[in-house]
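Comments concern the structure below.
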Amino acid sequence: MSARGGCGRLSLVLLTSCCLLAVGLAVPEPAADYNKNDSMCYDSEGKPQRCIPPFENAAYNLLIEATNTCGEEGRATPFCKQTGVGINVKSCDLCHKDSHSAMYLTDHETPENPTWWQSQTMFEGIQYPNQVNLTLNLGKMFDITYVRVIFESPRPESWGIYKRRNENSEWEPYQFYSLTCRDTYGLPESKETMFGDDTRVLCTSEYSDIVPLSKGTVAFSTLEGRPGAYNFESNGELQEWVQATDLRITLDRLNTFGDEMFGVEQVLQSYYYAIADVAVGARCTCNGHAGDCVNATGPDGRSQRACRCEHFTTGPDCGECLPFYNDVPWARATSADAHECKPCNCNGYSDRCYFDKELYKATGHGGHCVDCRDNRDGANCERCRENFYARPEDGYCVACNCNEIGSRSLQCNTEGKCQCKPGVTGDKCDRCAANHYDFSSFGCTSCECSEAGSLNNAPSCDPVTGMCMCKDNVEGKRCRECRPGFFNLAVDNEFGCTPCFCYGHSSLCNSASGYSRVSVESTFVRGAEKWAASIYDRPAALNYDPISQSVTVSAKDRDSIYFLAPERFLGDQRASYNQNFSFKLRVSDNGAAPSAQDVVFEGGNGQQIIQPIFGQSNPNPSTDMQTYTFHLHEHPDYKWQPRLSSRAFISILANLTAIKIRGTYTHQGKGHLDDVRLDTAHRGAAGEPADWVEVCTCPQGYVGQFCESCAPGYHHDPPNGGPFALCVPCNCNGHADICEAETGQCICQHNTAGSNCEHCARGFYGQPLKGTPDDCQACPCPDNGPCVIRGNDLEPTCTECPVGRTGSRCQYCSDGYYGNPEQGVACRRCECNANIDLNAVGNCNRETGECLKCVNNTAGFHCEECLAGYYGDALSEQKEDGCRLCQCYPAGTKETAEGGVAPCDQLTGHCFCKPHVVGRNCDKCEDGYFNIKSGEGCAACNCHLEGSYNRTCDALTGQCECRPGIVGLRCDSCLPYRYGFGREGCKTCDCDEIGSENLQCDANGQCPCLPNVEGRTCDRCKENKHNRQYGCIDCPPCYDLVQEAVNEHRYRLGELDDTLRKIKSNPTVINEEGFKQKLQAVQQRVRDLVESAKAGYSGDKKTLVEQMDDLRDQLAGIHDTIQGVDQTALDAKKTASQAEMSIDEAEKIFDKLREQIQEAQDYLETDGNSALEDARRRAEQVGQQNQQMTQIAQEARTVADSRKVAHRGRAGEEHLARGLQPG
């Protein structure tokens, strides 16, 4: 290499020396006796600082690989020296092998012995697009400062420099030189980059001229024209930009004078590439951690360049920390920070580590130790390695020895206990845990026994098979399913599941929704609560003890007396199955003698389940109050007798008719019962859900929650057999889809009838048993009448022809009728005035209607005349009164002077009757009389005016026709259980069976009520009481607020009464014209009544009783008028709500008036004269009060107009409204 290749020719390269560094072989690591104080990588105080290797020609003596060299094809290649245009004589020579090889590109050149590399000529095809590549491998990474090329030939028209950072990366363009940058390389011509775009490749034409023809130099500075170079130390992109392990020069297009176009051989042979020298100014890339770059032996045994790293770094480029110096991340040294690698903290258990980025982020120390000794592990060897634990006594890590099959991992805890797989136990996980089986690599399989289904709610299984031990009504390997016929797997069910009842029709059921757990209770706080007692199925005395709040029974001898539960404990109590029945019992003496039937549950069919009092571990009765609890289940452990199936047991509870608790156990003993409780469930009640109530999945033909009903198209068999009866399909012969569910009666269609649609309906005929819709056809009879097919007849015969017609189609007139139906003449009955024998044949002519066989002593065309010698009316409907002999009744007919029966009237046949005897034959009593057989005429019935419907009675016995509820020959007394003797009869007591002591009321209709019950019929609880079924118990405490409100209203009503009394003592006058007119109308009605009464005494033919009836009717009219007046007063009250006190005074006057009129009516019915006189006097009083009432009404309206405010209370308004209603 010539001296002119020195650095002094490169003014833009920032170098302090241009001398080439000649180095010898050395190891890359510092020597053992190395003193860092002598190193440029540490300052005088031994602190690390950035250091860099010397600057050098990195290409010196390195072999460049050329893709084309002259003379290498085994023959000499002619070439001519370029002399420029205009010189025709060219100096030519031959290029032999090795004359100008690539080795001369980097050798040491002297003027005495110039060398260069040369390619073949254009004559051999060296020209664009055929390029020549020169590739230089530097042996390691270098920071390139410049690349200088000295051309022996003219410089190329287009060429480029490429680099790469390792042998496996792609070639990257470094710099292009061309007169045609855009056309050749697709780049614009540019000498510098913009800030932030420092690594952009540049292309320039500056060094692409053909002159000089030889020794033209091109120097490429890697940082020239790049603004970021002024901050190179912090510019990572430029730091990578200058780094390369390989360089390539691509020679793309020769520079010519243009004479090559003529194809002259010597001209073509004068164009070629020739380079005298290639120099690369660079430093070994050591990242500021080495001051020397030495030769070292590589992995393949070849010598290669490497940095002699310091700062505890290593690698060819000092690009990583030494194995034990990774506590901080490696970084390139800078002038401010040498970024010396720090040793790892391995607690003395390791000499190697690596940098852990995440650990560094978390702790500020990235040294992650490896190859920890003494079974240690962790980033700092601070813990035992996997599957070891620290022995507590000395901290030494010992093996966990976890069972490989049974452990989740081989790592144990600090106590040496292993983490077991599912179902495995033991310190080393070497065996199955309880309730597990099948020890394997998957652990032990859990038996997964359902707690609810496991025996005693304690899951356990066979350790070999895994079969769980189930409760009685549970099955399955895991005890998760109810046995067929059972449902509702529950923890609190000793037997796991509840049997399906479903009235025996289904074994599939589930838990019904909407039911809640409740208890039917008797606490006897307020009475016996309808409990009763019995002895040998006969009623016995039961007493209530208010002090102990219990019910008691007493035995007179050794007889056993039982407490009997009331209705609310009975009936359908299926929901109490598998629940508890409890009570408290105390007896008067110790030494009780129990029996097998101390507790009895009795069903509707008389079947019983019984239990001794000490059954189910209950105590014997004693003088102490003790609690007894009995579980209602058929299992033998509960000792109910007789032994029943679950269905039979539930059947008793489904229709519970009696619960009996024995109360006495000794001679003349006493029993005290308290706190009876039956656990059950009700739908819609508040409380804990009750999931033991079933809803059945019914088989075909059954419906209902419990399959208690038949589905449409089915009916119970036997009929009316109840819910236990089978449901069988309706047998309707194909003529109905449904039938009556209880009786099986088909709802027939297709014109059929009968229980099974086995007959055609009326008006139809056919064969309904065929089962087709057209089995029954309409009969061809008048008025859709019925018909039949008789014998072998093909056509039907009508069976119910219209009256007067006969024949198979009713086409003829019947005997006794005449006409012609076939010709449209209707058949009409022969008009013989009922004087023919209907059983006779041929009574009249069928065409003319002439009567032919008159009877009843009649004659004529229509039998309308009597026969000679008879009297009477032949047309009479009563034929016995028609044409016949006189039929006078001797006892009722007057006698002749001779003592015989007087003859009847010859024209009328009317006999002459005795007193109060009537009738054509004097054979019956006049209405209101009886006993015609006395021979003295008829006697008066004397029926009670109010107790009988009328004045008539039975002609023989004299029994009057009584009104409802009245008895007696004269209808003068009420029937039992009735009251209120009067014109409307006696009313029924209607005593409520639940609330009354008995059903007989008193004369006012008041029934005898049980405690806490009130009302005329004892049909409601007293205030603040409720639930009449349970004896009117106390309302919840919240209703005390209602009671307080009622008391407040009563207090206000009392104030209102005081106000009314004050108004009465100082009345106000109502000035209302309509009101006055109504009162005048009342006076007039009373006057009319008086005049009518007077007329009744003036000799009218009416009897006194009839006159009294008329008076009663007139009084009813007056009563209606009073009601009209009442309505007017009510309207006044609504209009003047604030003047109600004045209106009340008017109401009192009306009440008084009504009372006076009622008194008048009563007197008229008992004493006519005094009643009339009293009515006249009362009418005068009404007239006197008219003015006062008018003044009161006027004042009320005045007050109402001035004060239109709300009524003081609805309760007071309702009280006034009731007071204004007519009595």
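Yeah, the Cβs are placed from backbone N, Cα and C, and that goes for glycine too.
Automatic prediction, not curation, is the source of TrEMBL annotations.
The annotation compositional bias 'Polar residues' is assigned in TrEMBL to 1182-1193.
According to TrEMBL, the feature compositional bias 'Basic and acidic residues' maps to 1198-1217.
The disulfide bond annotation in TrEMBL covers CYS400-CYS412 (among others). Within its own chain, CYS400 (disulfide bond) has ASN387, PHE388, TYR389, LEU410, GLN411, CYS412, GLY416, CYS418, LYS428 as residues 6 or more apart in sequence whose C-beta sits under 8 angstroms from its own. In this structure, CYS400 (disulfide bond) belongs to neither helix nor strand by DSSP; it is coil.
Per TrEMBL, the feature disulfide bond maps to CYS420-CYS429 (among others). The number of other Cβ atoms within 10 Å of the Cβ belonging to CYS429 (disulfide bond), over all protein chains shown, comes to 27.
Around CYS479 (disulfide bond), taking its Cβ as the centre, 27 other Cβ atoms fall within 10 Å, counting all chains. DSSP classifies CYS479 (disulfide bond) as coil under the three-state reduction. Marked as disulfide bond by TrEMBL: CYS470-CYS479 (among others).
Residues or ranges marked as disulfide bond by TrEMBL: CYS748-CYS757 (among others). All chains included, 23 other C-beta atoms sit within 10 angstroms of the C-beta of CYS748 (disulfide bond).
Under 8 Å, Cβ to Cβ, and six or more positions away along its own chain, CYS854 (disulfide bond) finds CYS832, ASN835, ILE836, GLY860, CYS863. Under the DSSP three-state reduction, CYS854 (disulfide bond) is assigned to strand. Per TrEMBL, disulfide bond is recorded for CYS854-CYS863 (among others).
Feature annotation from TrEMBL assigns disulfide bond to CYS913-CYS922 (among others). Shown in sequence order, CYS888, TYR889, GLY892, THR893, LYS894, CYS911, PHE912, CYS913, LYS914 are the residues of the chain, 6+ apart in sequence, with a C-beta less than 8 angstroms from the C-beta of CYS922 (disulfide bond).
CYS953 (disulfide bond) counts 26 other C-beta atoms within 10 Å of its own C-beta, drawing on all protein chains shown. Annotated disulfide bond per TrEMBL: CYS941-CYS953 (among others), in sequence order.
Per TrEMBL, disulfide bond is recorded for CYS943-CYS960 (among others). All protein chains considered, the CB of CYS943 (disulfide bond) has 24 other CB atoms within 10 Å. In the three-state DSSP scheme, CYS943 (disulfide bond) falls into the coil class.
Residues or ranges marked as disulfide bond by TrEMBL: CYS962-CYS971 (among others). Secondary structure at CYS962 (disulfide bond), as computed by DSSP, is strand.
TrEMBL lists CYS989-CYS1001 (among others) with the feature disulfide bond. Note on CYS989 (disulfide bond): other Cβ atoms within 10 Å of its Cβ, all shown chains, come to 26.
The number of other CB atoms found within 10 A of the CB of CYS1009 (disulfide bond), across every protein chain shown, is 21. As annotated by TrEMBL, disulfide bond applies to CYS1009-CYS1018 (among others).
Taken from TrEMBL, the feature domain 'Laminin N-terminal' covers 47-283.
Residues or ranges marked as domain 'Laminin EGF-like' by TrEMBL: 400-446 (among others).
Among the features that TrEMBL reports, domain 'Laminin EGF-like' is placed at 447-499 (among others).
The domain 'Laminin EGF-like' (989-1034) and the domain 'Laminin IV type A' (510-695) are in contact, since at least 3 Cβ pairs between them lie under 8 Å (pairs 6 or more apart in sequence). Local packing around the Cβ, expressed as the count of other Cβ atoms within 10 angstroms, is greatest for CYS757 among the disulfide-bonded residues CYS420, CYS757, CYS962, CYS971. In the three-state DSSP reading, CYS412 (disulfide bond) counts as strand. In the three-state DSSP classification, CYS429 (disulfide bond) falls within coil.
Spacing of CYS479 (disulfide bond) relative to CYS420 (disulfide bond) is 26 Å (Cα to Cα, whole number). Averaged over the domain 'Laminin EGF-like' (941-988), the predicted model reaches a pLDDT of 90.
The distance from the Cα of CYS420 (disulfide bond) to the Cα of CYS1009 (disulfide bond) comes to 77 Å. Geometry remark: CYS429 (disulfide bond) versus CYS470 (disulfide bond), CA distance 29 Å. Cα distances from CYS943 (disulfide bond) to the disulfide-bonded residues CYS470, CYS757, CYS962, CYS989 are smallest for CYS962. Residue counts for the domain 'Laminin EGF-like' (447-499) under DSSP, split into helix (H, G, I), strand (E, B) and coil, are 3 helix, 12 strand, 38 coil. Under DSSP, residues within the domain 'Laminin EGF-like' (989-1034) fall into helix, strand and coil as 3 helix, 10 strand, 33 coil. For CYS470 (disulfide bond) paired with CYS748 (disulfide bond), the C-alpha to C-alpha distance reads 54 Å. Distance noted between the C-alpha atoms of CYS757 (disulfide bond) and CYS1001 (disulfide bond) is 52 Å.
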